Amino acid sequence: MDIKACYQNAQALLEGHFLLSSGFHSNYYLQSAKVLEDPKLAEQLAKELAKQIQEAHLNIECVCSPAIGGILAGYELARALGVRFIFTERVDNTMTLRRGFEVKKNEKILVCEDIITTGKSAMECTKVLEEKGAQIVAFGALANRGICKRTHSHLKAQEGACLPSHLPLFALEDFVFDMHKPNSCPLCATSVAIKPGSRGN
């Protein structure tokens, strides 16, 4: 399955000057919501991701996503895996588990995002779940921006990666684009970064 073509066909691979939720600036932005607005494609992508996870023979009892960007991807992945789905969300800028969602002690959970850049949001979600006694067994995403190490990828983890190295990250594709710290972004010389993404927007 050509994941890059899926993003291009859905007009979800945007070019410009963007402020990513990780804080980095980039000339490309992946808008997964445009890909996931097609239920059949969302189901197909989730099944592809679930296949990778099932081949790893992991015991997963639940999928959890940080709102809002990860919700559609996480729900479809949970459906493909046949497990329940919950999500965390920010309240006053603090990641929280609410809406009656509960986790059991030692419940084995996969944290799923639509896109993994540094993994910061996924780790905020992880912290909430672990504080409630859950056991995080893996991470998943439709796409990986190449900072974190993905299972089945030759790319190594880069500076800024937040995900723990001892847990697998399953994703369908690496999208490696230039990313810049705000204080050294060459794009800022000619334009202002816009934020089309999820965190704080």
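Yeah, the Cβs are placed from backbone N, Cα and C, and that goes for glycine too.
Sequence annotations record features per position, and here Swiss-Prot assigns 5-phospho-alpha-D-ribose 1-diphosphate binding site to GLU113, ASP114, ILE115, ILE116, THR117, THR118, GLY119, LYS120, SER121 based on sequence analysis. Sequence-distant contacts (6 or more apart, same chain, Cβ under 8 Å) of GLU113 (5-phospho-alpha-D-ribose 1-diphosphate binding site) comprise SER65, PRO66, GLY69, GLY70, ALA73, GLY74, GLY119, SER121, ALA122, PHE139, GLY140, ALA141.
Residues or ranges marked as orotate binding site in Swiss-Prot (evidence: sequence analysis): THR117, ARG145. A C-beta separation below 8 Å, combined with a sequence spacing of at least six in one chain, links ARG145 (orotate binding site) to LEU30, ILE115, ILE116, THR117, ASP174, PHE175, VAL176, PHE177, MET179.
The number of other CB atoms found within 10 A of the CB of GLY119 (5-phospho-alpha-D-ribose 1-diphosphate binding site), across every protein chain shown, is 26.
Taking the centroid of the Cβ atoms of GLU113, ASP114, ILE115, ILE116, THR117, THR118, GLY119, LYS120, SER121 as the 5-phospho-alpha-D-ribose 1-diphosphate site, the other same-chain residues with Cβ within 8 Å of it are SER21, SER22, ALA122, ALA141, ARG145, CYS148.
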